[in-house]
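According to TrEMBL, the protein has these features:
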type     : residues : note
TRANSMEM : 12-36    : transmembrane segment
DOMAIN   : 27-351   : domain 'G-protein coupled receptors family 1 profile'
TRANSMEM : 48-78    : transmembrane segment
TRANSMEM : 98-118   : transmembrane segment
TRANSMEM : 130-149  : transmembrane segment
TRANSMEM : 184-203  : transmembrane segment
REGION   : 219-248  : region 'Disordered'
COMPBIAS : 235-245  : compositional bias 'Basic and acidic residues'
TRANSMEM : 296-318  : transmembrane segment
TRANSMEM : 330-354  : transmembrane segment
Amino acid sequence: MVVEENAVIRLIGGAAFSVLSSFGLITNVLLISTFVKAKNFLKSNFFYILAYQLALCDFLVHISQIGVVIPACFISSAQFYAYQSTLIFKLLANCDTIGFYGTLHFTFVIVISRYTVIASRGSNIVFRPPCIYILIAAVWISTAGLVAIEVCLCPKNFDYFGLYLFKDCRNSGMQGQCYNSFTYFWTLSPPIAMFLIYICIFIKLRKMSTTTVSSAVPNEHSLPEGAENSAAHSTVKDKGTERAKQKQPQLLSFAKRANCTSLTQPSYKSTDIENNSQRIILQPPKRLFRKRETNFFMQAAIICAVLELEIIVFYLFPVLGKLLPEGADIWLSVVQNCCVIINNSVQPTIYFIFNSEIRNALKKLFICH
């Protein structure tokens with residue numbers, strides 16, 4: 001009778017999971033293909049290198065949903081228990097573990113990278129080759145270590161009647177309980193740390209915007225900073241014809257090194273130069289750099305916020321399930337699993353909507369050469 005009573009809920013949940021997982025799987029495959037096709041992104045910007053790792057983790061979660069959760073919604077209990085005993089079920093179920101820990105770790109690394117760029121004025125040596133590849137290897141190794149321990153002590157399983165994945169620690173005794181307690185704090189610590197780091201970044205961005213406004217009036221005695229500081233936001237007064245001719249190519253060369261594509265070259269008039277009244281006005285590379293990094297920061301902030309929401313749902317819904325009437329917990333399981341799928345679909349969605357570089361690379365992916 002339990003199966004008949006839950007049949008409608010299972011069909012609704014299975015349909016919702018199928019739609020969301022199909023969308024998430026397609027978008028993540030497109031994002032991964034875009035990164036593979038446009039290799040310059042991976043070589044030139046560590047933000048895309050980390051985003052590529054995160055896309056792989058999202059892909060694994062969707063594989064687990066399609067291989068374990070969705071089929072369980074449309075088959076009988078006898079068929080499910082026969083499928084549960086197979087090796088493919090165990091492999092696909094634990095893909096969710098790899099994807100979850102990988103998403104948690106790489107999202108945290110992305111937040112740290114945003115902090116080093118925005119709050120530490122570009123001191124991001126750790127996030128440049130070859131250090132970035134060592135860092136990525138370390139994150140994957142730590143993730144693999146956690147997954148190996150979990151597979152041995154608390155392998156991932158699926159509750160057929162409750163419609164949720166869970167860590168099965170019934171056969172591991174005290175060791176499984178200790179590991180469960182450890183993962184409880186481990187999954188809570190990075191989201192709390194990310195929240196605090198984002199507060200610091202917002203404060204820093206607020207100060208930077210205030211400083212930009214206060215320094216809007218040009219200083220006649222200031223010169224553009226060197227390429228080491230990645231900034232040239234000033235209006236410089238010429239002191240003569242020779243000095244103007246020397247400064248112009250230097251500033252243009254600096255702007256090119258700073259990847260400033262929208263550069264306006266100043267026009268010179270001999271009478272203005274002789275009267276010291278002509279000013280060289282350049283597009284500020286430092287402001288463009290900050291704008292680009294701020295856009296990256298906002299994209300990462302949305303991804304992080306959705307992950308924070310998933311963690312809250314994981315720990316809040318079990319408490320709500322005890323307070324709600326009997327039978328409501330399965331609906332909470334459906335909503336919780338939808339939150340998981342949405343969390344692992346938000347990154348490609350955000351990039352395809354708000355990131356013009358990835359959009360252009362996606363267009364080139366479908367262009368035949």
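The backbone N, Cα and C atoms fix where each Cβ goes, glycine too.
Of the recorded ranges 48-78, 130-149, 184-203, 296-318, 330-354, the transmembrane segment (98-118) has the largest number of C-beta contacts under 8 angstroms with 48-78. A Cβ distance under 8 Å defines the sequence-distant neighbours of the transmembrane segment (330-354), meaning residues of its chain 6+ beyond its ends; these are 6, 9, 12-13, 16-17, 20-21, 23-24, 27-28, 30-31, 51, 54-55, 57-58, 61-62, 65, 69, 99, 103, 161-165, 295, 298-299, 302-303, 306-307, 309-310, 313-314, 317, 320-321, 324, 362. When each of 12-36, 48-78, 184-203, 296-318 is scored by its Cβ pairs under 8 Å to the transmembrane segment (130-149), the top-ranked stretch turns out to be 48-78. With a cut-off of 8 Å on Cβ pairs spaced 6 or more residues apart, the transmembrane segment (48-78) and the transmembrane segment (184-203) reach fewer than 3 such pairs and are scored as not touching.
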